[in-house]
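As C-alpha cells, the structure follows; a few thoughts come after it.
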Amino acid sequence: MLPSFIPYQVEDCYSVLKTMKAVYFLAAFVLLGLASKLASASDPSPLQDFCIAVNDAKNGVFINGKLCKDPKLATPEDFFFSGLNIPGNTSNQVGSMVTPVIVSGLNTFGISLVRIDFAPYVGLNPLHTHPRATEILVVVQGTLYVGFVTSNPDNRLFTKVLYPGDVFVFPLGLIHFQFNIGHTNAVAFAALSSQNPGVVTIANAVFGSDADINPDVLAKAFQLDKNIVNQLQSRFWSDNDNRN
C-alpha cells in the first residue's frame with residue numbers, strides 16, 4: 001500500500017508544473033514582444049563592416065541577401081559625398097527642395113541624410129510622412145515654423161519656431177511639415193533613421209494619385225463639394241525631392 005501522503009505530493013507537483021508552464025509561457029510572450037519591437041524599431045543591423053551598394057554582379061558579392069561590392073575593392077570614395085554646400089533649386093510650386101546624400105557606403109546602415117532649402121517666406125516642405133523613419137532636423141540658416149500631428153484620436157499639433165542651431169524631432173510615421181516664415185532663404189539638414197525612409201506627401205497622394213481616387217470618396221472624406229475635388233485633382237502636383 002502506498003503511503004497516504006503520496007497523493008498530496010503528486011497534487012503539489014502538478015501544481016508546481018502548472019505554475020512553471022505559465023511562467024515559461026509568460027516569459028516567451030514577453031521575449032516575443034521585445035523581439036517584435038526591436039525588429040520594427042529600425043532597419044536590420046548589418047552583419048559585416050560595410051556593404052557598398054552596386055548595380056551589377058560583375059564586381060559584387062552577395063552578403064545577407066544584398067548585392068555588395070567586394071570589400072577588397074572598396075575605396076574612400078565609396079564613403080564620401082561632396083556638394084552638400086550647394087543650394088537646392090527652390091523654383092517650384094512649394095518653394096523648397098530636398099537634396100539627399102547619396103553614398104554607396106551607407107547601404108544597410110539604417111540611416112540617411114538630406115539638405116532642405118526653402119525660398120524666402122513662401123518656402124514650404126509640405127505635409128508629409130516617413131513611414132519607415134524618425135527624422136531629426138537642425139536649422140543652419142533662416143527661421144522655420146515646424147510641426148507634427150499625432151495619430152488618432154487625439155490629433156494633437158506640436159509646433160515650434162526654429163532658429164539657426166535649433167533642433168526638432170519628427171516621430172516615425174507622423175504627418176509633419178517645415179515652413180520658412182523669414183524673409184531670407186532658409187536651410188536645414190535632417191537625418192532619418194532608415195536607409196530608405198519613404199515619403200508620402202499628403203496632398204500629392206490624395207489628390208494626385210495614379211489613378212484618381214473616386215471624387216465621391218474625397219468629397220465625403222474632406223466634406224468638400226465634388227466640383228472642388230475635381231478641380232484639385234486636375235492640378236499638377238509637383239515634387240520637391242531632388243532624387244527625381
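A Cβ is built for glycine as well, from the same backbone N, Cα and C atoms used for every other residue.
According to TrEMBL, the protein has these features:
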BINDING   N125, H130, E135  oxalate binding site
BINDING   H128, H130, E135, H176  Mn(2+) binding site
DISULFID  C51-C68  disulfide bond
DOMAIN    82-230  domain 'Cupin type-1'
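Counting in whole angstrom, E135 (oxalate binding site) lies 27 from C68 (disulfide bond) by their C-alpha atoms. Under DSSP, the residues of the domain 'Cupin type-1' (82-230) split into helix, strand and coil as follows: 22 helix, 56 strand, 71 coil. Taking only the Cα positions, the spacing between C51 (disulfide bond) and H130 (oxalate binding site) is 24 angstrom. Distance noted between the C-alpha atoms of N125 (oxalate binding site) and H176 (Mn(2+) binding site) is 9 Å. Of the chain residues outside the oxalate site list N125, H130, E135, H128, T129, A133, L137, F170, H176, Q178, A190, L192, P197, V199 have their Cβ within 8 Å of the site's Cβ mean position. Listed in sequence order, the residues T129, A133, F148, F170, L174, I175, P197, V199 complete the 8 Å Cβ shell around the Mn(2+) site centroid, once H128, H130, E135, H176 themselves are left out. For C68 (disulfide bond), the nearest neighbour among the listed binding-site residues (H128, H130, H176), judged by C-alpha distance, is H130. N125 (oxalate binding site) has a Cβ environment of 25 other Cβ atoms inside 10 Å. Around the Cβ of H130 (oxalate binding site), a 10 Å sphere holds 23 further Cβ atoms from the protein chains shown. The Cβ of C68 (disulfide bond) has 22 other Cβ atoms within 10 Å, all protein chains considered. Averaged across the domain 'Cupin type-1' (82-230), the predicted model reaches a pLDDT of 95.
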